């Protein structure tokens with residue numbers, strides 16, 4: 001292990017904040033110190049880490065002094081507000097928000113895909129969108145073998161992507177539904193229990209929502225393929241914390257299914273989960289709380305000789321957010337490969 | 001209205017059977033008589049129709065005498081067992097199962113798409129797969145204007161597609177989940193509450209499941225396009241009774257979005273539901289208990305100039321099964337257009 005790191009979590013009281021704490025503990029991350037930061041509204045409480053109660057302090061100009069890493073997951077506005085102070089304090093911000101992802105000066109990193117990009121940071125490294133991370137971990141190893149020409153994606157996204165309050169809303173509405181009571185949307189614009197709807201992020205001029213355009217733009221940057229053709233339909237479904245994606249991948253050349261399966265079976269951060277006899281493929285409950293993205297149903301597209309169909313599930317809070325951020329820190333501070 | 005019809009429902013105690021009763025009542029269908037049939041196991045009970053208790057009789061060789069139409073929704077085995085007796089009794093079977101759908105002698109009909117095919121029946125007319133019906137109602141009007149070259153579909157399918165017991169299972173498991181109890185799959189092979197999985201129909205040699213191949217083969221027959229290229233990923237999601245589908249449609253020529261919108265706004269059996277300001281598009285709760293298939297998010301595919309993306313929701317039990325069957329009967333017995 002490398003030298004111990006001084007870490008601050010900005011947005012410690014949120015869903016991703018909680019997962020960061022879990023992971024730092026689980027992975028025996030070499031911590032010199034741990035600081036928990038949140039907005040003045042959320043500060044003042046305590047969180048437990050390795051059996052110890054740690055106070056949640058209000059974020060301030062001076063909060064980043066003596067810190068090596070700031071893991072930020074309190075939204076784009078908060079990240080933009082404090083980025084300068086973090087860098088001036090000599091710390092590196094690994095930012096889970098969308099604030100800096102498309103900034104050409106800021107690396108956007110999935111450690112299994114473009115670890116080399118992390119090295120050229122200037123104090124900020126962006127953690128990609130959750131749906132994009134899960135997709136890139138799976139499609140990049142295939143893309144390296146035979147370049148992808150076009151992706152048609154449809155997603156099945158859990159409530160956790162909208163935070164802890166959205167997860168509670170799904171729980172509350174589900175209970176109300178079963179009791180025959182009306183569902184009252186507060187976090188999501190429409191009922192989520194026993195329902196689903198196109199992703200609620202703002203719509204762009206071109207008819208795509210922000211979530212879909214993140215998949216397009218971020219995957220191009222992460223995979224170093226500025227011309228990658230990708231279209232997506234993102235959908236919120238009544239799941240707690242894992243996303244699923246149906247991906248149609250068209251390659252420059254036909255891609256033998258067995259070769260794709262072999263590549264994915266060996267790909268870092270990916271687990272192949274296929275039992276064709278039992279019709280058993282990745283499900284959200286398989287990956288909840290797990291690090292790897294599960295992939296299966298890899299099959300030749302019967303409508304297009306150069307295309308494959310596949311299906312993946314990944315934990316949105318873990319690999320889709322908190323784990324990826326910690327892997328970035330490990331990549332730059334722990335002198336051994338991040339992935340097996 | 002035409003002359004009154006003598007109708008029998010085979011499989012009266014199932015989810016589709018219940019919906020057939022509801023629809024016959026709602027639509028003031030000109031009934032001369034109504035006979036309810038079920039397996040000996042389910043027979044012996046009573047169902048209510050227009051305030052009247054009607055006995056559910058066990059199906060038998062002689063049960064179809066004096067009947068004009070047999071609406072069958074008790075599964076493929078039951079339909080195959082009784083089809084000959086139905087035809088010999090001089091009745092017409094409108095069969096909701098997969099038993100005869102791909103039989104070249106049997107018309108496979110969506111009244112909004114291929115009503116003319118119904119005329120050439122020889123005693124059996126097949127009602128298509130639910131997912132296929134919902135898709136064809138929406139894509140056929142576009143296909144008529146500019147031929148579709150390829151469809152990439154991803155579905156979000158409700159529990160109702162597996163019957164009333166599956167809907168109860170979703171309810172029971174959801175309650176168990178909220179109470180922290182284990183989920184016990186009985187109808188579905190895997191937990192459905194707060195989970196989802198690739199469609200549980202048997203897998204074919206080519207890696208597609210039966211449900212997906214129904215979309216491929218049935219849509220070709222219904223739309224009269226034997227070479228239509230279509231690939232699909234079908235997924236069960238924790239919804240009660242409405243399906244959703246994300247469709248990527250590639251045409252022979254670029255299809256102006258406004259023209260597609262116009263066509264769908266006027267298409268029979270379709271309702272356009274798009275509020276781009278409010279990010280408000282079709283949701284399962286919009287269409288539950290409704291006749292029309294709701295379509296929205298019609299947009300130019302940014303990855304392919306000749307493709308459009310769109311999103312639809314439709315009631316699986318209603319237009320996906322019971323309503324379509326009754327429309328077929330109306331088409332052949334009621335001397336006026338079925339659709340407005």
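Including glycine, each Cβ sits where the backbone N, Cα and C put it.
Note that the structure is predicted; figures quoted are calculated from it, not measured.
Feature annotation from TrEMBL assigns active site, acyl-thioester intermediate to A:130. TrEMBL lists A:243 with the feature active site, proton acceptor. As annotated by TrEMBL, NADP(+) binding site applies to A:13, A:14, A:15, A:16, A:41, A:42, A:160, A:161, A:182, A:316. Among the features that TrEMBL reports, phosphate binding site is placed at A:101. Annotated substrate binding site per TrEMBL: A:157, A:236, in sequence order. For A:6-121, the entry in TrEMBL reads domain 'Semialdehyde dehydrogenase NAD-binding'.
Ranking the recorded positions A:15, A:130, A:182 by the distance of their Cα atoms from the Cα of residue A:236 (substrate binding site) places A:130 first. Under DSSP, residue A:160 (NADP(+) binding site) is assigned to a helix (H, G or I) in the three-state scheme. Neighbour counts of Cβ atoms within 10 Å were compared across the recorded positions A:15, A:130; the minimum falls on A:15. In terms of Cα spacing, the recorded positions A:13, A:101, A:243 that come within 10 Å of residue A:130 (active site, acyl-thioester intermediate) are A:243. Geometry remark: residue A:160 (NADP(+) binding site) versus residue A:243 (active site, proton acceptor), CA distance 9 Å. Whole-number maximum of the Cα to Cα distances across the NADP(+)-binding residues A:13, A:14, A:15, A:16, A:41, A:42, A:160, A:161, A:182, A:316: 31 angstrom. Secondary structure of the domain 'Semialdehyde dehydrogenase NAD-binding' (A:6-121) per DSSP, as helix, strand and coil residue counts: 29 helix, 33 strand, 54 coil. Fewest other C-beta atoms within 10 angstroms, among the binding-site residues A:13, A:157, A:160, are seen around A:13. Counting only same-chain residues at least 6 apart in sequence, those with a Cβ under 8 Å from the Cβ of residue A:101 (phosphate binding site) are A:108, A:126, A:128, A:129, A:214, A:218, A:221. Fewest other C-beta atoms within 10 Å: among the recorded positions A:41, A:236, A:243, that description fits A:41.
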